[in-house]
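Data block below; observations after.
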Amino acid sequence: MEIETGPLAGEVREKNVEMDDGENEHKNENMKGEEYAYLDATGFTSELFKIEVRNLPKYYGIGELKKLLNVKMKLSTNKIKIMKPGSPFIFICFRNQEDREAAIKCLDGFKWKGKELSAFEAKPAPDPLIRRRKEASAAEGEPLNVKRRTVEASATSLAYLPYEEQLKQKQSEIENVLQKFGKELWSSIPSLRSYVEEQRKDHAGLPCAFEPIRASPLTNGYRNKCEFSIGKDAQGVKRVGFRVGSYSNGFLEVESIMHLKHIPECMKQTVTVFEEFVQASALEVYSAETYQGYFRQLTVRMSHATGQVMVVVGVHLQSLSEEEQKALKASIVECLTSEAGKKAGICSIYFEVIQKRQQGQYTNPIEHLYGETHIEDKILGLTFRISPQAFFQINTPAAEVLYQCAIDVAVPDKNTSILDICCGTGTIGLCFARHCKQVLGVDIVAQAIEDAKHNAERNGLDNCKFFAGNSDDLIMSLIRNANIMPDQQESLVAIVDPPRAGLHIRSITQLRNARGLNKLVYVSCSPQSAIKNWVDLMRPCSKQLRGEPFVAKKAIAVDLFPHTPHTELVILFEREMDTETGNATDAVLDEQPNNEPQPVENTH
């Protein structure tokens, strides 16, 4: 999993959680004027039905919060706006006054994680674009321009450094994260202080061994997926590229990506072909300021193994008739299948309707227009099918390095069963399959499970089972399904590759409470956000965490994102043999409720 900011932020998995700078949320501003014109202009905005919730606990995950609001409390939230991860206050938007009042009634005084929440109505936020422009006008343009960056600085902030220097910087930054992990262990778990101090002496101040960072085999042109914005540059020319700022910073310009090092040539060719089409079209590009226009986004996926290119054109239909829509789709296919399109490798075309999402809808409608429905890529000799909306590591050659590191630290053998938690399309688990007895994977996205099953069959791997469902509920069922035999020296290893917010505490609890599970490999795309998970894995036994604690043994950073500040981290956790049974591979599970859900294979 990747986490990117700036122009690539559209690839972050939590798409319906929006960030809000919150800068003027608490000011009693005049509700009339340009800053609030959008409230009438848009026809509907959830800013009209917003609440503020305060006194949130110090540690909580976005997924955990959404589950509390939408599942447990059954509130009809439309948007969650957070200031920063772990913020003590948030804003929640609704579709109408009735839903807002119901939410306040439920949340005000509700106790969550030892904190009593307070909830009350909040005023709509002023339009940040208009606000910034007013500031610029009053100060002769300075506030607006101070945050403007080049597209190179926005998308590839480390590209100015030689690659070896980039690696040194990333190694140092991950060392800082591990030092913070050690400090958190030392301060929050007094019983571990002597252990942490011993580890620091042995590992240069770190709580575990830290190996040298693994470089990406490919440093330029490595991205296999990009989401390009469609808009206008500073001169008003229609462009397909990346935004150099954000709406809240006061500018919407889209600039060319032709000089960016991490984008492959076939993508640049595809962008050129479609940019010429947009410039020649009578249809305008979409404007986030006026909510008018049609062309919004171009998603391009490519395969390093085959050279295939998949294109997804994102359009706001506005009031186009059926005939006009049909003509638009035909013209898109004609453009992308031209000689220039074929030269770029385009073999698959989709049409995405970008619209206001309804409650419970997490993706936009998508229609296949031309060519292949999927493209294929290879990792560690295995072939993987990639669908338009599937998650796949964006640096395929470096993903091989990442997965091989996970295999190397796990050291599986033919008596090892692998639990692949948050398995996605099965890439990690399938790479393990040739080295172990069996793989059992779980993911909440049903389509991802379909892809995982196809990929297992495509590669002739018959020792893999994948289940659709929430890992928070199904980990124990997966362990039972593994049916390991302790008397035959069989072992159980968990591989977790969660979204950026990390695992829910329920997943941590089940992993801790599962006897026989004595090794866990944690793959983190956001190491800073995963520290709480790591600390919980190492906490002493308690009423909730009944199983013996894990211990961090080894960490390895892998550079999946050259020229950017982002880095993946693999940490091996192990725990000693069960002191009660004296058997490190005892597969007996702690008692679970009788209504424990059993995983059922997805048969869609």
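Cβ atoms are placed via backbone N, Cα and C, with glycine included.
Model, not experiment: these values are computed from the prediction.
These features come from TrEMBL:
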- 1-29: region 'Disordered' (REGION)
- 11-29: compositional bias 'Basic and acidic residues' (COMPBIAS)
- 49-124: domain 'RRM' (DOMAIN)
- Gln393, Asp443, Asp497: S-adenosyl-L-methionine binding site (BINDING)
- Cys525: active site, nucleophile (ACT_SITE)
- Cys525: active site (ACT_SITE)
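Other C-beta atoms found within 10 angstroms of the C-beta of Asp443 (S-adenosyl-L-methionine binding site) number 26, with every protein chain shown included. Residue density at Gln393 (S-adenosyl-L-methionine binding site): 24 other Cβ atoms are found within 10 A of its Cβ, drawing on all protein chains shown. Taken through DSSP, the domain 'RRM' (49-124) splits into 23 helix, 25 strand, 28 coil. Mean pLDDT, taken over the domain 'RRM' (49-124), works out to 87 on the 0 to 100 scale.
The separation of Cys525 (active site, nucleophile) from Asp497 (S-adenosyl-L-methionine binding site), Cα to Cα, is 8 Å. Cβ contacts within 10 Å of the residue listed as 'active site, nucleophile', excluding its own Cβ and spanning all protein chains shown: 23. In this view, Asp497 (S-adenosyl-L-methionine binding site) is surrounded by 25 other Cβ atoms within 10 Å of its Cβ, with every protein chain counted. Note: the Cα of Cys525 (active site, nucleophile) and the Cα of Gln393 (S-adenosyl-L-methionine binding site) are spaced 10 Å from each other.
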